[in-house]
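Below you'll find the structure, written out as structure tokens, and then a few comments.
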Number of protein chains: 2
Amino acid sequence: MALMHEIPKGVKVLLPEVAAKKRWVEEQLLGVFTRWGFQEVVTPTFEFFDAIAPGLGSEWRDKTFTMIDRESGNLLVLRPDITPQIARFASTLLKDRPRPLRLCYASSVFRYVEPQAGRAREFFQAGVELLGLDSPEADAEMIAMAVEGLMAVGLDDFHLSVSDIDFFSGVLEELGVSAAVEVEIRQAVQRRDRSALEESSRREKLEARQTGLLLELPGLVGSGREVLDKVLPLVGTPRCRAALETLSRILKFVDAYGVSDHITVDLCEIRGFDYYTGMVFEGFTPHLGYEICGGGRYDRLLEKFGAPAPATGFAIDVERVLLALERQGDLALPSGADVLLIEFRSRKGEAVRVARNLRGCGLRVARDIIRRDLEGSVAYARTFQIPWAVILGGNGVSEGLAKVVEVARGVESSVEISRLAEFLQERMGRSSS
Amino acid sequence: MALMHEIPKGVKVLLPEVAAKKRWVEEQLLGVFTRWGFQEVVTPTFEFFDAIAPGLGSEWRDKTFTMIDRESGNLLVLRPDITPQIARFASTLLKDRPRPLRLCYASSVFRYVEPQAGRAREFFQAGVELLGLDSPEADAEMIAMAVEGLMAVGLDDFHLSVSDIDFFSGVLEELGVSAAVEVEIRQAVQRRDRSALEESSRREKLEARQTGLLLELPGLVGSGREVLDKVLPLVGTPRCRAALETLSRILKFVDAYGVSDHITVDLCEIRGFDYYTGMVFEGFTPHLGYEICGGGRYDRLLEKFGAPAPATGFAIDVERVLLALERQGDLALPSGADVLLIEFRSRKGEAVRVARNLRGCGLRVARDIIRRDLEGSVAYARTFQIPWAVILGGNGVSEGLAKVVEVARGVESSVEISRLAEFLQERMGRSSS
């Protein structure tokens, strides 16, 4: 019973104000996704652990919520990521549909992480998967859609950091170091720690050309293809060259989409899921210290489910977008009623007709069923930020007329009931313009 | 690995066609709810079992999905019902907000039941809770909103069976039988099994008046208040009389809402949650053998969470509504792209501009990035029921023109690129009207 008033760490109730903003952001994002021809799917909240394990990188295996299926004794897992679920059913249920498949979703996912600002144990993602295309144009489509999505929700300052996992793997190949040293170098690169890289180079007795490449990495950041031009002379392996060539073609298509202003090339941006195999990106805004979206190419994931196919995709973190919007300035969304309808008559027919008429015009109308005086009702409207109170009957309001109170200013008008919808729409249009 | 291609019993993937219909139904219902002044909330997918247990009837306690919180060792439960979650946070987080509270939701819930047609282990509900009002008018608002919701999704034939839990409790009180016999009678009433009721009456040596009331119950079904008039002379206790009086007032308000055509009074309709205390209703359509919605008054639930308040609400089962709509005739919703944009040029600028322009006009445009011939592309469009293919370049399409193929009929037109959006909108408007 001690737990009766508590909720588990890392999850929360979204109260009306936040829930309205969450729905609005999801609607904007799904609007962009569907206009680009993507179709929404809904995945199960839990699955057999074994069924999506092939898509869970080592980093996530220990960070899932699991339970035992009491019938079969199998381990169930709350979805920690939507991509492996989609990869699985694209390889099974949708195996015979022609490629490409363009799918999208807006779902909660669950991860057993230490909660902190912007990181919850249940959180909300809106994302897309483009399955069956290995072209750089497909990757450019992901980048362009992520930019359009973030613009559609009204973020005014953000950039996507684009990189390529395969380029970095190629660099490690060129260095020819042990797996342990690879991990060390990977971490140093993510930290952009030049002195740690120098130290590794000395200890591993790397050649001058190798050292040059390694120490160049933290500086491989820029607004476009000049970064690629800078690094190309330094790399030797076909793998690195091919990755840079692909990235260059992706950036050309991104240019064609006209979204280059939002792009940074940053070859140290090598975080993300274990399943990424090529281009990767993460989105940032100056308002937040962590990424608001991420995505990339994953050409080896679907084959784990029996139907090999190239694929690319991304996901936007809905709550982080809300946080960024909040810090950028307010995202004001009226989530409650527009009108509180108060009546002092015992015949309910007219109030019902008025409510139906106003709702038919798209107004949100709550009826004040409780018995209290007019002042109490208007105070209630004020607390819930309901902008208009409409009073029928009582207090000297004549037959055929309604008293309309603009709650914030306390201004009263007497309006013919037949003109009520028109009156309110006119005033609301005027006040919002 | 045997489980790799399976998903757990009772859950499923909603593929694009179904997911689109689900979203549409939820949007219509939330549209009705918000026009009635209700505000959406989002509850956590899992909670401490102890935190919502007070709202779980005995019937549900064994039918939940539970897991152990690995940090605290506490039992977690996947939400089996939204109402107790809302009752809890209304009594805690929202304790100080004035009443009434009008809240709504569209969420999945989880129950460990034996899956069958229309009954899954994860399913989708859209519902409302009206907290803080004990008036019959509030119950009538629930009934009127449920009717308006079912009409908004296009169900053309349905009725709500309205009853009152307290009336039946009053009847049991009048009979003065043991708890075991109460269970027996409750089941016989639900089955409308007159001979079982006669048998109980004989065995318990009930008085003539008691027997008369008991045997009348299965016949207490009708379209309105005449049912109440019929039973009123048979009941003796104030509890029964008060329940009938309240129900009569609710029906009067339902009349005022103009939805009486959809109402059946059925005093044997006594199923539903343990927490119901007064008016209850369930919705049915001739197309399905189980209820599509249900609701009722629950005046004793919030006090279990420390803040006593009367309350009423209902929930609509989204997938059952989809099933009913399917059986009623098709619910055709185009879920994919409107246009497949195919280009045979190496310069991508024009295709990007055309796509952006068409999307700006609200058209859903997928770009055919894959390299294949025109026939292959049009076949792809046909498979995915994309109604229009727009071809730029190649195949003798001149500069400034696009070839437009109406995929289903194979009809081709040559259209100026600057007039493309207008042309498609005109054709789509014409074909849909």
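Placement of Cβ uses the backbone N, Cα and C atoms for every residue, glycine included.
No curator has checked TrEMBL annotations; they are predicted automatically.
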Suppose a student reads TrEMBL and sees A:D81, A:I82, A:T83, A:Q125, A:E129, A:R271, A:Y275, A:Y276 listed for L-histidine. Which of A:R97, A:R99, A:R111 should they find annotated at that same site? A:R111
So how many other Cβ atoms are close to A:Y276 (L-histidine binding site), meaning within 10 Å of its Cβ? 24
With an 8 Å cut-off on Cβ-Cβ distance and a minimum sequence separation of at least 6, pull the same-chain contacts of A:Q125 (L-histidine binding site), or say none. A:I82, A:Y105, A:A106, A:S107, A:S108, A:V109, A:A315, A:I316, A:D317, A:V318
If you draw a 10 Å sphere around the Cβ of A:T83 (L-histidine binding site), how many other Cβ atoms fall inside it, taking every protein chain shown into account? 26
Tell me, if you would, which residue among A:D81, A:R271 (binding-site residues) has the fewest other CB atoms within 10 Å in the structure shown? A:R271
Reduce the DSSP letter at A:Q125 (L-histidine binding site) to three states and note it down. strand
For the L-histidine binding residues given in the record (A:D81, A:I82, A:T83, A:R111, A:Q125, A:E129, A:R271, A:Y275, A:Y276), what is the largest pairwise C-alpha separation in angstrom? 21
